[in-house]
């Protein structure tokens, strides 16, 4: 199977919305009047973002999901994406499974593949995703205000719990691992919530490198600090709810929920006066949200334990070169 | 140097045109009214597209140039690009040189870096480039008509000549190698010509995998065939003009010009009645163009030698998995 047959067979689908899709030098996109185009690129590298023996269907899902999560974080509606793919060899079964996972998620969010590149080399996936957002309404990192509530969607830390178990750093009961592993391998981009938060959230991003590190980007961009309630964040580790997990150490829970990474949940701020609006946006998008703390004038992040004392922070956000 | 410092230091520049650039979850683009957005992604992999010891400044140039060449091929004006970069380590000198080469070409074409991703892994560069083109005026591959002239810009085959010499498949006089190597390492995207050809060319693409293979894409998309004059294409190898190169074998000249690859010249078709308009577009964009043949109804490509006989075609376009 040659390069062009591979593209035709697994990655060329007719486009319905874009004026021109796969097969020319460029794809053409035409955002509707009054709309800005939101763009994000994410690259996934074997051995860094996934194991060499990863299920290719799950990888197809995840490669697109982590990009869609960036659109969710700015409140954009998905339109299209490009895929640049470096593959060690043209393996038909692998490509079929990968494209099944990719297109299943794409169809779910009405996001069409419009172009890309295929090359031979170490396994590497680079997706660039395009969405539209009404001009001036994109959710940014820079709008958090002192007194705002800090919210996160869904649950936190289960992906990291699964990763540590897969790396044999600790054991998990099989039923718990299966569920946590799904969070690691099949993250859910919170697109409906992101769009519902337009005009409500004062800042927003998606948690990919760990809550505290990513929240730090909001704090830096907004020139503020934050106080987080560890009693609440500890409750966000879904695996903890399993009866077999009652003995899980608090330090591990904190490491997973505060600095786990790979969550792809939204972390956002909103004025206290918008609490009802936030809860309505959550209900409308069928996405649970939890208020975990508050924006303060004092720079930095303080995490307060149930007894009222401040937790020593030994966590850093994931850094590829640290 | 950590990931975020690396981004800040080498890859974060203020944006002037785009509403939002590097540093948020998404960049925001706003094409002008009446414009479509042209999008293309290209991935460059160490060992496939460049040598491990490549000069990083030249690599920065080439990574963006091959993407801009796709915009040129559809007649678009560059606006912005994203860069996803997988690096073995955070090497400041390498990053500085790479970003120097990248931003020098970007500045030349008023194309701003708006976002991307940085990760650790085998050296791999994925650029997605954005341009704008008036709605309905993009140059496509599908418009070639029987009787149209076939044109190429600039010169053909010198990049391949240099590559073969660097791979020690043949020797070249140092002065010839230096010039040919520049074509390999610092290709010139033909942006001004592409834009000048809007409304004139009936089809267009950029020659990256070799003339005959790429012309084949136009022929397939347009449902036509072509006849090429080898006497003319042989004259397009720039190195041939050097006195020391008079003895270069015709078979090597044909291999380089017809199937060399890495040329990043435009190959386009236009009605015979548009010859004056084509020459004016070439003059206006200060880009030499040469008519090399004609579109015919009979499918396939025929290359005619100076004696009138048809050359046997043993060339195939570059295929990553063939």
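Placed from the backbone N, Cα and C atoms, the Cβ positions cover glycine too.
Automatic prediction, not curation, is the source of TrEMBL annotations.
Taken verbatim from TrEMBL:
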DOMAIN    A:23-133  domain 'PurM-like N-terminal'
BINDING   A:25, A:40, A:70  Mg(2+) 4 binding site
BINDING   A:25, A:70, A:206  Mg(2+) 3 binding site
BINDING   A:41, A:42, A:117  Mg(2+) 1 binding site
BINDING   A:42, A:70  Mg(2+) 2 binding site
BINDING   A:49, A:262, A:318  substrate binding site
BINDING   A:116, A:117, A:141, A:208  ATP binding site
DOMAIN    A:146-304  domain 'PurM-like C-terminal'
BINDING   A:209  Mg(2+) 5 binding site
*Quick one: which of these binding-site residues, A:25, A:70, A:208, A:209, A:262, have their CA within 10 A of residue A:42 (Mg(2+) 1 binding site)?*
A:70
*asked:* Under 8 Å between C-beta atoms and at least six apart in sequence, can you list the same-chain neighbours of residue A:206 (Mg(2+) 3 binding site), or say none if there are none?
replied: A:69, A:70, A:72, A:73, A:189, A:190, A:214, A:264, A:265, A:266, A:267
*asked:* Spatially, which candidate from the binding-site residues A:25, A:41, A:49 is nearest to residue A:141 (ATP binding site), comparing Cα atoms?
replied: A:41
*Cα-Cα distance linking residue A:116 (ATP binding site) and residue A:41 (Mg(2+) 1 binding site), given in Å to the nearest integer*: 12
*asked:* Rank the binding-site residues A:40, A:41, A:208 by how many other Cβ atoms lie within 10 Å of each Cβ and give me the one with the fewest.
replied: A:208
*Listed binding-site residues are A:40, A:116, A:262; which of them have CA atoms within 10 A of the CA of residue A:209 (Mg(2+) 5 binding site)?*
A:262
*Which residue counts does DSSP give the domain 'PurM-like N-terminal' (A:23-133) for helix, strand and coil?*
35 helix, 47 strand, 29 coil
*Whole-number Å distance between the CA of residue A:208 (ATP binding site) and the CA of residue A:117 (Mg(2+) 1 binding site)?*
26
*What is the interatomic distance between the Cα atoms of residue A:117 (Mg(2+) 1 binding site) and residue A:262 (substrate binding site), given in whole Å?*
26
*Among all chains shown, work out which of the binding-site residues A:42, A:209 has the most CB atoms within 10 A of its CB.*
A:42
*asked:* Is it possible to get the count of other C-beta atoms within 10 angstroms of the C-beta of residue A:70 (Mg(2+) 4 binding site)?
replied: 28
*What binding-site residues from A:25, A:208, A:209, A:262 have a chain B Cβ less than 8 Å from their own Cβ?*
A:25
*Could you work out which of the binding-site residues (A:49, A:141) has its C-beta surrounded by the smallest number of other C-beta atoms within 10 A?*
A:49
*What is the interatomic distance between the Cα atoms of residue A:49 (substrate binding site) and residue A:116 (ATP binding site), given in whole Å?*
20
